[in-house]
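The next block holds one structure in the form of structure tokens; read it before the comments.
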Protein chains: 2
Amino acid sequence: MTENVAAVVRPEFDYDAMRDDHGDLRAEFVDAVSKAIAAEDAVWLRGLVSELHEADLGDLIEALDSDERVRLVELTGADFDFSALNEVDETVREEILEELEPAAVAEGVRELDADDAVELLQVLDEEDQEEILDKLPPSERDALERSLDYPENSAGRRMQTDFIAVPRDWTVGEAIDFMRETAELPERFYEIYVVDGVNHWQGAVSLDRLLRSHRNVPLTDLVDEDRRKVSVDDDQEEVARLFGKYNLVAAPVVDSQNRLVGVITIDDVVDVIEEEADEDLKALGGVTSDEELSDRVWTIARGRFNWLLVNLATAFLASSVLGLFEDQLQQMVALAVLAPIVASQGGNAATQTMTVAVRALATRELGAWNAVRVVMREALVGLVNGVAFALITGIAAYAWFKVPGLGVVIGLAMICNLIAGALGGILIPMALERMRADPAVASGTFVTTVTDVVGFFAFLGIATAWFGLK
Amino acid sequence: MTENVAAVVRPEFDYDAMRDDHGDLRAEFVDAVSKAIAAEDAVWLRGLVSELHEADLGDLIEALDSDERVRLVELTGADFDFSALNEVDETVREEILEELEPAAVAEGVRELDADDAVELLQVLDEEDQEEILDKLPPSERDALERSLDYPENSAGRRMQTDFIAVPRDWTVGEAIDFMRETAELPERFYEIYVVDGVNHWQGAVSLDRLLRSHRNVPLTDLVDEDRRKVSVDDDQEEVARLFGKYNLVAAPVVDSQNRLVGVITIDDVVDVIEEEADEDLKALGGVTSDEELSDRVWTIARGRFNWLLVNLATAFLASSVLGLFEDQLQQMVALAVLAPIVASQGGNAATQTMTVAVRALATRELGAWNAVRVVMREALVGLVNGVAFALITGIAAYAWFKVPGLGVVIGLAMICNLIAGALGGILIPMALERMRADPAVASGTFVTTVTDVVGFFAFLGIATAWFGLK
């Protein structure tokens, strides 16, 4: 059977045998692997995992069943690249690591760069981490423990601790000879760093500058001393902004004494950028940032419950405004039918403004220097669209219910609510940012509460006055 | 006066004089520049712009007034780095380019890499582009025109056309000597490419591999032939996914005959990742992706109008369901007060599901292989939270209105609507994706329409049956 299996995937685990035109994994490929796992065809599986890029191996792992995942790692032993586990959802990673023998995990961890090892281990609780760290040689254990001591989301957690640091008085030739003669260089690097005798960072030399210079050129001629560096405690989001802004591929990480302790590379930063975008998007949608596609029903339901509870409270608040006008609603039931339209239109206009505001705050495009202008502009946009939709809604409402004046009433309410929505949509995120809360997480609830309450109140209040209801 | 100005910013345009602790531009700094522009202090301004990183210069330009921006470019002439204009909003860029003399723009464009020049020019309409291109030497003009001919958002538009290609039979030493002796190398590069006699791409050699190898090692020993390459017509989003997945810093771009025509580097890809995240976020918030913070009121209002109009239509549709039950609403006005709660809770639950679905589709985590499992899971989450909120809302509604049975009615409606929301939230984005529409753009409207209609219908329908209303 396994011969057949092999025939499907070979020659050489061709990329096209693995993925369809859309880039998705082929079901036949996943099936073939499942069958090989069931048949314990270790030889074939070892060949497979050592050919696959870690990212592809990660995708394959996610496509397998829970117990197949662990069996795959066990069957392939030393050929399995543990960095593939950093390519899968944290829930999946945690599950696999907990099922495996700590000694096996320790073996896998030893093969990783510090940043990858930290990323792998940080999903485990401290006890499980200790069990694995205990199986490592003391020097490697100490280094990892140090990295794990840095706060989550800090540069210290993300950095690689392998880097090339050379003395300031070397020439290009000396640096090149050093790299040719040193066996244990980082797996990938884009620049080397110049340090003084006690490891204080002095500057960076990019490899392309090194390569286009003659051997006798002193490094001091090439070194970039103005290069932005990162402090171990810096937040990863700050680091990502720096990379994006100055087009960096790597940045030195220094401790509080300006000693070079690591390097952050662009691949980690790309992950951060994607994570942060993910967080903002989910936060605006009312989903916690750690929800993952592989989570179980119960975990997801619980995670989403809190936000829905907050929303329920605000929905009751908005409805209590309707409750204030019970008598009027009974006298003119058209008001009950139309009120949600005013609230909904305001809510959507406010969401537009809020989305722009949250994004502009995240990218630092919106700040004290342009706040007044942007707020004014949003208010005007609210007015313009308020008037436009006042006309449309007014005509439609009159055409529907044929009540004279109803169009004017809903039109006026629409203008009020779109202006309120615009102001709420911009001022609430700005206020949250100033209070150092994350505008993406909390703005939505506040903003739609404003437009529900203002929408109902304006519409029913104006209607009560206009029609003389009581 | 300008002496004073200089004193504020110097020594050497120190970063801290320019930005506060938060990284925002200091108002005093911007003021100092404004004054120097007003005083036409070209010497000082030239010193300033040549010291500033293009990204910082871009931020400064955005902080200036419209006419100051153009004056700054004019006053600083050849010292002004036009790549700074790629760091500002497209609206601002277009405005500046249109104000400047075409000859001046052409001079600036000549200093740029092909990808930067294309990015700069593509905001202009064809006529304005031609005016500038006409001022360039024929060879540069042809190259730019070729790049501008590639479709928008394609790899061809994003690539740099400067790269290092060497023959397959060279050694490391020959490659290094070539780089040392060639004056016109790309400004920054991370790898070199091996090509055959007719420029067919053969593989990549990263600079770190080159540097750690001895001079006599043949390049064929170092070359990575499996490296993913990009085709000129590939969509930039596809390219970004490739970089993120395989941790690339550069990728060769080939034409349909596998001839090497350019290289895409990670800094361009970071821009793409940010743009795409921006697009998805804005699309979910009902804002067009090209809306920018510097746009005028009218442009913004018009851009947002369309989506609000669609929303208005769906709001009327939902309200027409309320209209069907006018008599029942009049008999029991509590129904009118509570109906928006059912709709709102469903809408929010659906938005949570939709957000996760849209993101998972964008990152390719959700596909045919796991669709059934994810849909089932979402339906179950809807059921679990539906039951939870049925209890909470039921008790609250009964406590409020003291109508026996009202709690049961709203509870049942809540369960229906949260399940409908969950299914709508996952199935609608998946259906849109299958129809090759962008799920981020269109899902929101459809999804909340479902929960509004189902919410009103379920609540009022169940109430009508339970209380025997007519």
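The backbone N, Cα and C atoms fix where each Cβ goes, and this holds for glycine too.
Taken from TrEMBL, the feature domain 'CBS' covers B:159-222 (among others).
As annotated by TrEMBL, domain 'CBS' applies to B:223-279 (among others).
Proximity of distant same-chain residues to the transmembrane segment (B:305-325), defined by a Cβ-Cβ separation under 8 Å and at least 6 residues beyond the stretch ends, is recorded for 286-288, 335-336, 339, 343, 445, 448-449, 452-453, 456-457, 460, 464. Marked as transmembrane segment by TrEMBL: B:305-325 (among others).
The transmembrane segment feature in TrEMBL is assigned to B:379-401 (among others).
Taken from TrEMBL, the feature transmembrane segment applies to B:407-428 (among others).
Per TrEMBL, the feature transmembrane segment maps to B:440-467 (among others).
Remote same-chain partners of the transmembrane segment (B:379-401), defined as residues 6 or more beyond its termini with a Cβ less than 8 Å from a stretch Cβ, comprise 334, 338, 341-342, 345, 349, 353, 407-408, 410-412, 414-423.
Averaged across the domain 'CBS' (B:223-279), pLDDT in this predicted model comes to 90.
DSSP places the residues of the domain 'CBS' (B:223-279) in helix, strand and coil in these numbers: 25 helix, 16 strand, 16 coil.
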